[in-house]
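Features as listed in Swiss-Prot:
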type	residues	note
COILED	117-272	coiled coil
COILED	303-415	coiled coil
COMPBIAS	487-502	compositional bias 'Basic and acidic residues'
CROSSLNK	125	ubiquitin cross-link
REGION	99-116	region 'Linker'
REGION	425-451	region 'Disordered'
REGION	476-536	region 'Disordered'
């Protein structure tokens, strides 16, 4: 309203018109509007209107201006608006502008019927605005519901994506765990195979050691047998050695032979003198021959003994070689038997290892087949779960789409019902005013009793009746449908009657209030004109 920006300048401008304002303004007339603009509180209003010290009206106006001056620019604007509404001439004189709102001149210019017509027009405009806002609100509600449906769809997709991510993470973790377990099993298998190889090597070494000890034992047994044979030979030789009696007899024969030889030598020495005798010669000749024969026999015996010794040596050597060869043959036989037993044991071990290998391969193939079957079953179950999830999502989408279509149909139904109500209200508005004037005296007494109670509430919240009407209209529109027990025509008729009764009561209340305010304005205007003439 004001072009000033400084509060002091605004109120200093009004100071030049203070005498005029104090002489013209009635504080009881503008305080409700100022209180509605929230520049006056109930305490200030009580002070201005009911203070026993303020008996004169001019003093009340002065105190009111002082209170408004403390509120600053807001109080200045509210005060000018009150002047524009209730004192347009004074507003024109103070601001030099034409008032945009001529509320206080309606009764003077058009009378009570014009005020009623204006109020009814404003009520219809507000009702139409409320209906438009209701339609807009319903469309916004439908749009919000569609957005909620889309949001729920998006959340479903997000939940599905999150679930797929979690399943992927779980699968990757399970795959990693399986790889770790497989690696651990492979390491354990390698360790066990190494231990098995080491055990086999130790077993082979122990077997070789056992064979070597067995061979050493057999060689010791053979040596023992050879020594036993030598011992038996020595015992046999000792048994075949001549006895002591035979040796004594031979010693006696030897002594006899030596004595005879000595006798012969003595006889020879005695007979050297008679060597030339024929007998001696014959004896010598015989002796020589016997000596030669003896020498020949001795040489023959010596050669025979030599041959015998050589033969015995050869026989002993052959016997030793035979025994050695027998021992070697026995050792070779035992070695062959040992190697044969070892080869048979190795073959048995190889057969056992091949059997174990076949069993391990069969068990591995069986486990591989079981693992493959389990993986296939798991893949089938995952595929089935995925298909069921997709079907569930499709059914959820169909449910959401059905709900959205249902909501859209409900919105269209509400819009059609609202259009029908608007059409019916327009038809009722186009009806002649005579019916209203005829039906007006019937509710006059009842509305007169209610008007005094509702004046203050109407001033404080002018939009409350329209909100109540809107709520009633919405409740009626929501109550209509297949589940309502009343037919649509009866419900529409009841709605029209309630709406018409409410308009009549509202018009009567407004008319009475405007009539009372008109009387007060006439008194104030006459008083202000008198004061203006007096001041001029």
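Count begins at 1; order follows the chain as displayed.
For all residues, glycine too, the Cβ spot is worked out from N, Cα and C.
Predicted-model confidence for the coiled coil (303-415) is 82, expressed as mean pLDDT. DSSP assigns residue 125 (ubiquitin cross-link) to a helical segment in the three-state reduction.
In this chain, none of the residues that are 6 or more apart from the residue listed as 'ubiquitin cross-link' has a CB less than 8 Å from its CB.
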